[in-house]
Amino acid sequence: MTESHIDFRRAKFLISAPDIAHLDQYLPGDVGVEIAFAGRSNAGKSSALNALTEQKNLARTSKTPGRTQLINVFELDAQRRLVDLPGYGFAQVPLAMKLKWQQSLGEYLQKRACLSGVVVLMDIRHPLKDLDMQMIEWAVASEIPVLALLTKSDKLAQSAKMKTVNEVRKALVEFGDWVQVEPFSALKGTGKPKVLSILNEWCHPQWLADELENQDDAE
């Protein structure tokens, strides 16, 4: 089956849900393909989503880290969705709320069968914090590929940027092909073509092709 090119500019807001249980209620079953975006509250997740979809206000950015507490879902087409998970790890968020978020994130990664890939966004100046590693480990344990996206790469000189990229790749080498590491700048557009290529590949898993083929056969 030849992969079609997904136009990420067509992404549109679908629903918000407070946790994974409610997500199951709102969406039409655990079907199709979902690509999740996860990261610490100051990792630039909303800015990255807006840059990748070329929409200034698709994902709301906030000057207050930790404000995004909902799971926000954006539809690419009838079979494919982008999922913006709550930011994690912000110090001023109450402990009970932190624990609730972490439980929700863990449940989503471990239980969502249609999850085709996870983008873990990290500020390139502060990569691989404990919760970042936990997210990566959860995803790989569930056999979900990960893109470790080092955001705000425009904040570093080229030599420092590549040094950090290589250090992160070395730190994650134990996960093999399950984890890719790329630099990204929402401001400058650095890394955007590579990221879109990876997302496009994740939008075409073999099981979705089989699912659509079975639907055609049934008709």
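Here the Cβ of each residue, glycine as well, is placed from N, Cα and C on the backbone.
Record features (Swiss-Prot):
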BINDING   39-46, 66-70, 84-87, 151-154, 184-186  GTP binding site
BINDING   Ser46, Thr68  Mg(2+) binding site
DOMAIN    31-205  domain 'EngB-type G'
Subject >> Integer Cα-Cα distance in angstrom, Phe184 (GTP binding site) to Ser46 (Mg(2+) binding site) >> reply: 13
Original post:
What is the average pLDDT across the domain 'EngB-type G' (31-205)?
Top reply: 90
Original post:
Where does Gly39 (GTP binding site) sit in DSSP terms: helix, strand, or coil?
Top reply: strand
Original post:
Which of the three DSSP-derived classes (helix, strand, coil) applies to Leu70 (GTP binding site)?
Top reply: coil
Original post:
Any idea what DSSP makes of Lys45 (GTP binding site), helix, strand or coil?
Top reply: helix
